[in-house]
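Right, one structure below, let's go through it.
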Amino acid sequence: MRELSNTSEHRAPTDDPASQLTKAWKHIQGRAQGPNKAWLKNTRPLTMHESTVMIAVPNEFTRERIETRLRVQIEDALSDFFHRQMRLAITVEPDLELSLGVPDRDEDPEELDPEPAQFIPKPDAERRRPGTATLSTPSPSSNDGVDRLNPKYTFETFVIGSSNRFAHAAAAAVAEAPGKSYNPLMIYGESGLGKTHLLHAIGHYVHNYYDRVRVKYVSTEELTNDFINAISDNRTAQFRRTYRDVDVLLIDDIQFLESKIQTQEEFFHTFNTLHNAQKQIVMTSDRPPKLLEALEPRLRSRFEWGLITDIQPPDLETRIAILKRMAATQNLTAGPDVLEFIASKIQTNIRELEGALIRVTAFASLQRQDVDLELAQIVLKDLIPEGTESEVTPQLIMSETADYFGITLDELTGTSRTHVLVTARQIAMYLCRELTDMSLPKIGQLFGGKDHTTVMHADRKIRELLRERRSVFNQVTELTNRIKQQGQ
Ligand SMILES: Nc1ncnc2c1ncn2[C@@H]1O[C@H](COP(=O)(O)OP(=O)(O)OP(=O)(O)O)[C@@H](O)[C@H]1O
């Protein structure tokens, strides 16, 4: 706000008081920056009487803001301008609101002036490093954004290995000191390597450690859809509030912002607003920012302001450790030889690793048999056909599933709740999740614009049914086989 009083190049004018006042006020408005500019934009100089300048503002709120935040600077600037001690008087003129129009987006004071983030530890929060504490165990219900986080994705359940050590350390540092250590933090890497897991872990930790902190987790597709809907419903102000009224913004799969020009523009402002107010931004992507070529350069460069870290595919030891942790947390019994066998077969995607363990243990449970190496070999033979890596697309999964169940693609993606259609739809969604890189919202979109929670539910449901119903296990196994054969 020092900018207001820097008037050295302006000498006291010699023209009449009215035009002197107009010039003085224009000068002050011209020098103001950021939120100050927006507050002053909607004001008009009225009169000058001796050493008092009276201005009009459109509403009580603006008057209060100027009184409390800008009065001193404005009086200093006026005093500099007129070379004598000046005072400011403010009056409210509601008509101004109409005659000056609403502030435009870049200068809307409400949007440019969020309170700086304050991360205050909860009184009873005992400081511990993420990953060693029970601190990040999520609370069951909450209305501050944390209810959108997967309760299983915490620092405690994240297995650290050489492939993800740095990303984990960066995420932990951000969770411990949001808005301070690295802002933004960008975690990139291929599908199924734990990016979303770390994103949620930050959210849980921050929520549990800091008092009244607002966390928002969103996938980039949801962000884009929200924005498009907001435009079509004339609710952009509400949209901005939703995204800017947070302390920690977690955005998954930011690569989907590429080529979405308008959403990029909007996100650019959101990013600036949050960053200026020291709010934490964490993003995941399948590529580092410099390879997000269809992203506006100014946005790309902002993504490089903080820390960029990658996650690599895990080595064998880490894969075994992950399987061990998964087996323990999900109460699945499998010996070390079985875990090692699965880990040796599935090398690149941890989601697939988990899927394989689930199928092996489900099969054993259906057979009422112990999980042993032989059984694991049988199940994985179906899951991973010999030969080259197969190219599985969601279209292939959908058409094969429709074919398998003798239904049409329209029925598969429709809304009918008949038993066969629901099962077929859920299996196809589950397979899209397991065999492709598609995110939940993207899969939802392909299935007739369904919500990502519907896909999540389908995924969970089929995992359950795999161990409870032999028919479902057989259907999923057969279908996977067909799809993988076709995909080769
Ligand atoms: N280091 C790890 N320790 C334990 N579980 C892990 C680890 N890494 C990944 N996982 C698990 O693997 C699965 C896939 O991880 P996640 O969804 O975070 O991947 P992603 O990189 O975000 O993938 P995508 O880009 O496809 O969204 C999740 O169930 C996650 O909990």
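For all residues, glycine too, the Cβ spot is worked out from N, Cα and C.
The compositional bias 'Basic and acidic residues' annotation in TrEMBL covers 1-14. Annotation source TrEMBL lists compositional bias 'Acidic residues' at 105-114. The compositional bias 'Polar residues' annotation in TrEMBL covers 133-144. The domain 'AAA+ ATPase' annotation in TrEMBL covers 181-309. The domain 'Chromosomal replication initiator DnaA C-terminal' annotation in TrEMBL covers 393-462. What TrEMBL records for 1-20, 99-148 is region 'Disordered'. The annotation region 'Domain III, AAA+ region' is assigned in TrEMBL to 148-364. The region 'Domain IV, binds dsDNA' feature in TrEMBL is assigned to 365-488.
Taken through DSSP, the region 'Domain IV, binds dsDNA' (365-488) splits into 90 helix, 0 strand, 34 coil. Each residue of the domain 'AAA+ ATPase' (181-309) gets a DSSP state, and the totals for helix, strand and coil are 67 helix, 25 strand, 37 coil. Summarised as a single figure, the pLDDT of the domain 'AAA+ ATPase' (181-309) averages 91.
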